[in-house]
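Written out below as structure tokens is the structure these notes cover.
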Amino acid sequence: MSQSQGDVLRPPKMIYENKIPQSMMEIVEKLKGPHVRNVVTMVGAGISTAAGIPDFRSAACGLYSKMKNYNLPSNHAVFETGYFESNPEPLYVVLRESMLWKDFYPTTAHYFVKLLEDKGVLRRHYTQNIDGLDRQAGIASDKLIEAHGTLRTSHCSRCQKEYSLSWLKTEVRRTLVPTCEVCSAVIRPDIVLFGDPLPDEFKTKITADYANCDLLIVMGTSLVVEPFASLITSVPPNCPRLFVNKMPLGDKVEASGDQYKVPDKPIWLGGGYRDTIMYGECDDCMEELARMVGWKNDLADLRGENVHV
């Protein structure tokens, strides 16, 4: 990505530009002082990979190759509500192999969002992830929008009996497709599949949240999945936007099938006057941002570490 498309800051373990972009220093100064009170954060799968949860849309993950035996009409059929109703097994294979085979714990990037909340500047945290690590990091429910639902709870598809994540993990390991203890119907996780409506709280909060946003931080997503991706255009024209990702923004994810349409140009980069991009691991980037703002020890305390400056 050329410098004309936005200021670029490379985090630790990568090579810095000759100097830190002015747009980045402005973000740091805003966080240091009383200049931001309505930070909105948006995160995708990249924030959880350091926890050991694979980005199952990536070719490197290999989960789609395991779907070949199911003769899916397309790779993303496994995430369609209609297909799940007719054949729930492929979805449970993906969930078992990616998120339900062990316990996972929040990453540094998750705790940075929690730190924003503790500092009193987080307006809302929007996540595409269903892993529940945001809640584990301590982010309050009223600050959290799980745009794609959550694995924290599941319900019977017939009688609506609720089940916990620990129950779901046990049953998926035991039988793969869990069924209700009351009526024997298939259990469905409380996640948003293609064909499902987005959560009500997503629809009711976005207008005010983005209209009042004074700093937008986007982490671990290449911004290719709608309607989540378009939200970045809803913040005020003078609102700084910090993009943190390992991959170039807008890059098509291999093995993702035909569900994504890559834009002809990165429309989210507003000429560089307010945008900063940090390429690298989300944890590394948030460690660096915390250091620059003077929050290094605060972040370490949240993780239960003892860091000496």
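Cβ coordinates come from backbone N, Cα and C, glycine included.
Per TrEMBL, the feature domain 'Deacetylase sirtuin-type' maps to 17-296. Taken from TrEMBL, the feature active site, proton acceptor covers His148. TrEMBL lists Cys156, Cys159, Cys180, Cys183 with the feature Zn(2+) binding site.
A strand conformation is recorded for Cys156 (Zn(2+) binding site) in the three-state DSSP classification.
Other residues of the same chain near the Zn(2+) site, with their Cβ within 8 Å of the Cβ centroid of Cys156, Cys159, Cys180, Cys183, are Ser157, Arg158, Gln160, Lys161, Glu181, Val182, Ser184, Ala185, Ile187.
Applying an 8 A CB threshold to same-chain residues 6+ apart, the list for the residue listed as 'active site, proton acceptor' reads Thr127, Gln128, Asn129, Ile130, Ile191, Val192. Within 10 Å of the C-beta of Cys156 (Zn(2+) binding site) we count 20 further C-beta atoms, all protein chains included.
Within the same chain, residues at least 6 positions away in sequence whose Cβ sits under 8 Å from that of Cys180 (Zn(2+) binding site) are Cys156, Ser157, Arg158, Cys159, Lys161, Val186, Ile187. All protein chains shown were included, and the count of other CB atoms within 10 Å of the CB of Cys159 (Zn(2+) binding site) stands at 12.
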